[in-house]
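*Asks:* Dropping the structure in here first, questions after.
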Amino acid sequence: MMLENKAFEPRPAHSAPTVDKMALTGVNFYYGDAHAIRDVTLSFPERQVSALIGPSGCGKSTLLRILNRIYMLYPKMRATGSVTLDGQNILDPGYSMNELRARVGMVFQKPVPFPMSIYDNIAYGIRHHERISKAEMDVRVEQALRSAALWDEVKDKLKGSGLGLSGGQQQRLCIARAVALRPEVLLLDEPTSALDPISTAKVEELVARLKTDFTIVIVTHNMQQASRISDNTAFMYLGELVEYGPTAEIFQSPKVKRTEDYITGRYG
């Protein structure tokens, strides 16, 4: 089934052998009695970008929050099934939450810098997990800011408040804060939805660079963005996984009509 809509130019399908970093098997999620995610099985290849797409309320962000168990901060929410990280089930009650937070970082839709200096925004998480010298901390802070393509813009005002940065800079600061802990997986929940086009382009370029070191899962409503930056795409609808595969295949020759209808704008 070839689409007539040629507006998208997806990244070419990944041809190299892949290793799954995270894998979901038979995952269900409940908000109280409401069944929000239904029997989802899919995997996220190591050091690739996987995009979650679908209409509002389809379960994309909920699925993302299962991957680091952040839902446990709220009452009456529960997940069943298996979510493995390097073969270990992170839904196991005995799995260390501190270890999970260090291994799986997250950046939210709206930039949320801490009300402290730029330097301390980066150092905060490191101090919580590690004991290192001031000199080592200085290096880690610089490395994180460079990783987020922010160092040159803030190196002379590290003691200034992170809240004083522009929206795009704040989002890159949040990305720097996440990567400072050297996680293995980075979760991005619509990280550019509140940004202007120039800031969005910077974040997209950043994602392309970061995947050399991290496995990235991104939620986006922007079809062009998904086609530009992801290696794999999962289409969700009403809490179910409809289709998942290499981005080029999903956008150029989807196997399910509902997927085609969504990415060509027939509903959304």
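Please read every residue number as a count from 1 along the shown chain.
For all residues, glycine too, the Cβ spot is worked out from N, Cα and C.
Here's the feature list from Swiss-Prot:
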type	residues	note
DOMAIN	22-263	domain 'ABC transporter'
BINDING	Gly54, Pro55, Ser56, Gly57, Cys58, Gly59, Lys60, Ser61	ATP binding site
*Asks:* With an 8 Å cut-off on Cβ-Cβ distance and a minimum sequence separation of at least 6, pull the same-chain contacts of Gly54 (ATP binding site), or say none.
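*Replies:* Within the chain, Gly54 (ATP binding site) has Cβ neighbours under 8 Å at Lys60, Phe235, Met236, Tyr237, Val242, Tyr262.
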*Asks:* Which chain neighbours of the ATP site, leaving out Gly54, Pro55, Ser56, Gly57, Cys58, Gly59, Lys60, Ser61, have a Cβ atom within 8 Å of the mean position of the site's Cβ atoms?
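*Replies:* Output for this site, in sequence order: Thr62, Met236, Tyr237.
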*Asks:* Count the Cβ atoms, other than its own, that fall within 10 Å of the Cβ of Gly59 (ATP binding site), considering every protein chain shown.
*Replies:* 21
*Asks:* Measure the Cβ-based neighbour count of Lys60 (ATP binding site), defined as the other Cβ atoms within 10 Å of its Cβ.
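*Replies:* Taking every protein chain into account, the count is 24.
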*Asks:* With Cβ-Cβ distance below 8 Å and at least 6 positions apart along the chain, what are the contacts of Cys58 (ATP binding site)? List them in sequence order.
*Replies:* Met236, Tyr237, Leu238, Gly239
*Asks:* Output the one of Ser56, Ser61 that, of all these binding-site residues, has the highest number of other Cβ atoms within 10 Å of its Cβ.
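*Replies:* The residue with the densest Cβ neighbourhood is Ser61.
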*Asks:* Take every residue in the domain 'ABC transporter' (22-263), average their pLDDT values, and give the whole-number result.
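*Replies:* Summarising the domain 'ABC transporter' (22-263) by its mean pLDDT gives 95.
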*Asks:* If you draw a 10 Å sphere around the Cβ of Gly57 (ATP binding site), how many other Cβ atoms fall inside it, taking every protein chain shown into account?
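*Replies:* Other Cβ atoms within 10 Å of Gly57 (ATP binding site): 13.
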*Asks:* Looking only at Cβ atoms, how many others are within 10 Å of the one on Pro55 (ATP binding site)?
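*Replies:* There are 14 of them.
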*Asks:* With DSSP assignments reduced to helix, strand and coil, which class does Lys60 (ATP binding site) get?
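*Replies:* DSSP assigns Lys60 (ATP binding site) to helix.
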